[in-house]
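Let me begin by presenting the structure, written as structure tokens, before commenting on it.
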Amino acid sequence: MPPKMRSSQENVAVSSDATIQASSASSPLQDAMAAVTSLFPLTSPFPDPAKDDTLIPAADILLEQELLRNPDNFRSWSSYIDHIINTNVVKRPPPDVSLTTYQAALLGPLASSTQRTALRRLTSIYERALAQFPTRYSLWRDYLQNRSRFVLGDPKGGSDAKRKRDLQAAREKLDFGPTLIDSVEDEDFGSAYRGGLDGTVGWQEWKSLAALYERALMWLPTMPRLWLSYLSMFIHPQCPPILSFTHARRTFDRALRTLPGSLHLRVWKVYLKWAERRGGETCLRVWRRYLRVDPSLTERYVSILLAQREDQDEPEGEEEEAEDDAQSDRSRKQSGSKALEASKLLLGLARSAMDGTYVSPEGKSPFQLFVEWLELTEKYPEEIGLDPEEEKKYLQHSVALTSDNGMTNARRAPRHIQGKGTAAREIAKASSSKHPETDALDPTRLNVTAIIQKDGLDKFSDQSGRLWTGLATYWIKRGEFDVARDTFEAGIQTVKTVRDFTQIFDAYAETSENVIAFMMDELTEEGGDEEADAEDQEETREDKEAELDRRMQEFEELIERRPLLVNDVLLRRNPDDVQEWEKRVMLYGDNDEKIIETYREAIQKINPRKATPNFHQLFLNFAQFYEYGGSAGLAKRMAEGVEGQEEEEQAEQVEGDLESARKIFEKAITIPFRRVDDLAEIWCEWAEMELRHSNYDEAIRTMARSVAPPRNTKGIQYHDDTLPPQTRLFKSLKLWSFYVDLEESLGDVESTKRVYEKMLELKIASAQIIINYAAFLEDNKYFEESFKVFERGVELFSYPVAFEIWNVYLSKFVKRYGGAKLERARDLFEQALDKCPARFCKPLMLMYGQLEEEHGLVKRAMKIYERATRAVSTDDRFDMYVFYIAKAAATFGLAATRPIYERAIESLPDRQTAEMCLRFAALERKLGEIDRARVIYAHASQFCDPRTQTDFWKEWNQFEIETGSEDTFREMLRIKRSVQAQFNTDVSYIAASALASAQQNQAQRGAQGSSNGHVREDDVDASDPMARVEAASRSAGARQTAFVAASTAASGARSADTTIGDVAKNDEVVGGDDQDDQDLL
């Protein structure tokens, strides 16, 4: 538009405003407003220096002359403009004294007369410059910024600070996509400015500024910064409504039409902010236009829709309630369309997120978006969803379409389904690009049930509890309680987790309680009111009471069904859970029909390879159920305190069904269990059942059938899981053990021997089986066959298993024959010791030596004991030497033990060598060989630390006091110092270690009580801490008994010879802690 035409329009507007002001009534406030308004206009028409002498002060005449001489020199114009800004514009000028505070606030930056003059001077110089340079962008930009400062106010921190803020925001946020709207909701645009001209008082200046922007855009229509600056003016809170509504919307549209598409998002950023501040239908239409270009901000648009919908739900005043019906209907229709539009948009976003074509700017998952849609549906059920009858018609129509036309898309709505009171619509057009369920402008309501089933339950099975309760809540909000109940029941029957079940059940129970409470309150209120028609009232009340009784009964049944419903959930989650099936049987109590049905269903559904442990127990319990005549028989059998006669009476009263039980066992033995032992347990329990009912022959036939091998047994391994358990069952030791026990109890000797021989043939017999077989033959007087079984056993097994067999074998052989077959016994002992490990030699050697002592030669016994000192392990060698010495002393005398002591000292470890030296020295002293004893003490001293092994040094000290001289005593002290230097270590560390060990041993002795009464207590100096520590360590380290009976080591012996034990007990006294060895003689 040309400038002259705009000036004429502005003058017309000014005259009209003046006429309105003149026609208004006079008042103090209006007088103040009129006084302020009279100051305007300042810039229209443009200030002319020829008509206003104040525009050019005397100091600026030289600059004016420079412009006259060089009118085309832009630098001269720029210098003059900078001079006027620096000399006239003040950032925060004080207002005029004649103005009140209120008037100064209305005028803002123009409250000072100097600033009004500065505005006129700036306008004059810029307009004259633009007449020379109408297309210069920098000139227009500076002019608009300076003019805007007088109208909009000063930016916070000044223009430089605002420029920095804009640059920083541009770096942090991109002008596209989800970050398009970066301002906080309800943010005031005016907070970025300080002050500003009131839109009513300074209407002329606001209009003049808008006209200036229009002129700039007429000359520079493609400059985006000019457009953005102009559009930002409409967001200012003091912008006049005449500019900030229709004019602003049209200006935004012109900007979008003028600027290229690459700059549109920068315009939309301001446009959408302006639309949100305007609100109403304008906001919705602007947002819809933008979402066609960029749907990424759909969530923001949905929040705007819901905010407007909630604003319409606010309580209205009495006057608004009295409006005509047409207007209220129109309002409800508009609000309903907003809720429906928001619902369809959210549904579309959720589906897009599920397909992976949409990512929420707020980081919401597809399920969160779907739950938001569900919550919106719960909040506005009448406006969004179909009625139950309409949903049924929808389903029928979908089925008809599928059968007639082959259509599989169940989401298409039939043409007869529409909102209440609307005309029929077509199902969908073939050319339509949007689905009716996600087309926001389509008024067709949604089939909520079908959507939740297809988009929710089928895709978010782990959140089914929330979805089912949401659907039920939707029907409750619509008043469809029966449909809600069916929904709860359907949810309970389909969920697979206890969490979802609990969520649904709690909501179901709470809803039932609320409905019952409401009906009871309603009946109570009706009982207090007096009605005219008593008969109708009575009939209505009876119907309501009947309905209340029905609902209360349903609620009680629901509470009673809860354990079964929880069990249903657990079985749906894992139908192979055997324990849950057992719990289900227990829940049915004495309902035999349900119990049988449950057992059969469990057997049918459980996969043996995936079943939890004890799947076989399910068959056993089922068989026992039939065996004892159902749940009543089982309950009587499990009752406590029942006598034998009472049990017989109960057995007579409740007859079992053995044929059905046998059928269950027949079914069980065909199941491919994971473990062979489970199948073996089935066979064993089957035989046990036959035994309980005195069917002994049937029991033996059952076990013989169970161990029957397959035709081809080659290559079958018991632990080969690739083969079915039925194929590997014939190698089950558990099954054979039960079979052989059954034969021993009910069969004859020959049949039992055949079973044992079959086990040995299959090489599945254990050492215990060998011993049991031999014991069975021995009990039946087959002694030699028993010994043959032992021989076969030691050939089958190696050590350490063979040790147990040898131990029992040798004990029984010696007990049977004694010295009658001595050479054979010797051969057996030599055979046992041939490959025996060192740790198992001691019991066999002691038994061998005892045999020679009792039935053979003492000399051979001594050789055996001497051989044992070399054959046994290091841990047993000391005890073996002590035993050997005791036997040698008792047989040949004390002097004969000297070579044994010498060999012991050479072969034993250092710690045991010192102990053996003490014994050797005591022996020599007993024989009167004092010098030999002293030499032995000196030899043993090198192994004894004086700090820790004080017993040795005390004994040597006492020995020297009693038998030595001053020289020998000094020699003993010299050796002690030498040894102490040899063991030179940290004394404090040793003391701490010894003290800790002593405290630990003392605590153990305190727990043992009086059992440690044999420990000797030495006299200890109470003032010496080291002595107390050593005494405690010495007490804790008390020596054990010197001799070990052979029977104590033979742990696997089935029966031990008491003679060996007696000898061992007698021998334990020999070589003990006694100083006197007269007991050896």
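A Cβ is built for glycine as well, from the same backbone N, Cα and C atoms used for every other residue.
Within the listed segments 697-731, 942-976, 1047-1081, Swiss-Prot records region 'Disordered' for the stretch 1047-1081.
Within the model, the repeat 'HAT 12' (856-887) carries an average pLDDT of 87.
Under DSSP, the residues of the repeat 'HAT 6' (479-514) split into helix, strand and coil as follows: 29 helix, 0 strand, 7 coil. Of the Cβ pairs linking the repeat 'HAT 8' (711-745) with the repeat 'HAT 10' (781-815) and spaced 6 or more residues apart, fewer than 3 are under 8 Å, so the two regions do not touch. Across the range of the repeat 'HAT 2' (117-149), the DSSP-based residue counts are 29 helix, 0 strand, 4 coil. DSSP assignment over the repeat 'HAT 10' (781-815) gives 29 helix, 0 strand, 6 coil. Long-range contacts of the repeat 'HAT 13' (892-926) within its own chain (CB-CB distance under 8 A, at least 6 residues past either end) are made by residues 862, 866, 869-870, 874, 877-878, 881-882, 884-885, 932-933, 936-937, 939-940, 943-944, 949, 952, 955, 959, 963, 1039, 1071, 1075, 1077, 1080-1081.
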